[in-house]
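Enquirer: So TrEMBL says this about it:
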- B:31-38, B:148-151, B:Val177, B:185-188: ATP binding site (BINDING)
- B:His38: active site, proton donor (ACT_SITE)
- B:Gln62, B:Gln154: (R)-pantoate binding site (BINDING)
- B:Gln62: beta-alanine binding site (BINDING)
Protein chains: 2
Amino acid sequence: MRVVRTVEQLRETLEYMRQGGHTPVGFVPTMGFLHEGHASLLRKAAEMSNTVVMSIFVNPLQFGPNEDFEAYPRDERRDLELAEREGADIVFIPSVEEMYPQPTRTQVTVSSLTTQLCGASRPGHFDGVTTVVSKLFNMVQPDYAFFGLKDAQQVAVLRRMVSDLNMNVQIVACPIVREADGLALSSRNVYLSAEERSQALVLSHSLREAREAIQTGQVRTAAEVRGLLVSVIESSPLAVIDYAEILSFPELEPLDQGISLNEAPGEIIMALAVKFGRTRLIDNNVFIPKEVAVLV
Amino acid sequence: MRVVRTVEQLRETLEYMRQGGHTPVGFVPTMGFLHEGHASLLRKAAEMSNTVVMSIFVNPLQFGPNEDFEAYPRDERRDLELAEREGADIVFIPSVEEMYPQPTRTQVTVSSLTTQLCGASRPGHFDGVTTVVSKLFNMVQPDYAFFGLKDAQQVAVLRRMVSDLNMNVQIVACPIVREADGLALSSRNVYLSAEERSQALVLSHSLREAREAIQTGQVRTAAEVRGLLVSVIESSPLAVIDYAEILSFPELEPLDQGISLNEAPGEIIMALAVKFGRTRLIDNNVFIPKEVAVLV
């Protein structure tokens, strides 16, 4: 495994790998402080690619002024151990100066998909994501790029960007990885106190209950599902709901209120963002209601 | 020379050329209705590249609602003859549907460089340019891309985009090509009546007079140069000035009013946009005032 810190070293190393025939190239962009979710992306990348590149970069552009850019957890030594163990060939760890030698005047923006959910709560967040991912794609020129479905909106936005701009890369979305008790893995989970950690289980519990209630026919409309999600989450005294939404996926458009979910044509997403103290957690479930119904 | 009309054909043809070792790849994006200015870009591309790709696409995204998208002159047969004669290997002529199978939600924007000159007169124009050029770059993945300096602001904007987004391409700027009497070549010159065509010479004349006046010390400040440009252009009764500006290049920032141009540190641009009837023409001159002064 080679660790590179400059764009030039990265390009040289990739050129060497390509000339040696070690293609396709798979790419796993991360902000570091890696967990089993990232490990699952690396394993998928290793399965599909002959060169696996991971980047570790906490991108200031995608953090709001009052967000946790400075406090975001970092542990390079541990990250490198995990990357090596999970089969990364190249780890790219640029400084902020290497990524932004001058303030960027160029932005890549995706409209409409970015106005709701995390886009509404975190203005400018997705512009920062699409801009830095465009830069990283231009540096790595991967055949495949791997993203976790915990950030389902990010997957939807990046797929649209790739399609609209004819980028020569395939976005591979990988399932959410959870703790044994259901909590979705996140680098931000370390912020949680013991009590918050315990109450944070309402996210995954509410999603599971909603799925079951859809299956058994207890709830039928998006409004009813939302009501159920909210009532389960509010059973936690520490939970402060940022959003709880049911939308089409990947279009992220509202479903007709009132119609039965089973009549929705494609995939839908139940998406949650909930604060516990200063920590904001997200979780979601993407599924096809018709197929869930068929399982009953 | 191969003519391709779909992104898939383009990628396949390029893959074949690359596997045959015909690299580097040079790219000349155009809107067609080719003239000697485009021919000079193709010749430069052929000099620097082993595969020359030209695209012909009148991009609706970069035209305003009251601009000449529908009327923009087109002549595919003549364009293909010129492309063949000047050494193009691949000509890519996509339909609007091929370029935009669905309305794009993704935009590439460059700020600040796009707020003045043509950016001020044509809101959204450069967003359309940077978005379509990003798409074309992703399709062609060229080593070099060739643009004429008549659109000097476009060159400045695209260089900034390439640098900010780490695109793996070098922008090669080529000199303005002029008629024998000085008129800068433009596909839009065909719109001019005989009388307008004759009076349009004030653009190149005013730029030449301003250069000479700087050299001889007759004018020293940006304000004085602007005054001279305006007075020469206004000697044409049909000319309606859109802008006449003196800015730093490629930053496109105003120079300190009052200071002598010879104290400006780098390159400057004298940039003009003038309407004759319904036809808007642009012209410019990029130079280093110090070096001009040395010539005296």
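The backbone N, Cα and C atoms fix where each Cβ goes, glycine too.
Remember, it's a predicted structure, so these values are computed and weren't measured experimentally.
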Enquirer: Within 10 Å of the Cβ of B:Gln154 ((R)-pantoate binding site), how many other Cβ atoms are there?
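Expert: Excluding its own Cβ, B:Gln154 ((R)-pantoate binding site) sees 22 Cβ atoms within 10 Å.
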Enquirer: Could you check the binding-site residues B:Met31, B:Leu34, B:Leu149, B:Val177 and say which one's CB has the most other CB atoms within 10 Å?
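Expert: Of B:Met31, B:Leu34, B:Leu149, B:Val177, the one with the most crowded Cβ is B:Leu34.
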Enquirer: Would you mind sorting out which of B:Gln62, B:Leu149, B:Gln154, B:Val177 (the binding-site residues) have a C-alpha within 10 A of the one on the residue listed as 'active site, proton donor'?
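Expert: Those near the residue listed as 'active site, proton donor' - Cα within 10 Å - are B:Val177, in sequence order.
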Enquirer: Sort B:Leu34 (ATP binding site) into helix, strand or coil using the DSSP assignment.
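Expert: Looking at the DSSP assignment, B:Leu34 (ATP binding site) belongs to neither helix nor strand, so coil.
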Enquirer: Please give me the CB contact count at 10 A for B:His38 (active site, proton donor), counting all chains in the structure.
Expert: 26
Enquirer: What is the total of other Cβ atoms whose distance to the Cβ of B:Gly37 (ATP binding site) is within 10 Å?
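Expert: Other Cβ atoms within 10 Å of B:Gly37 (ATP binding site): 20.
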Enquirer: How would DSSP class B:Val177 (ATP binding site) in three states?
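Expert: Note: B:Val177 (ATP binding site) is coil by DSSP, not helix or strand.
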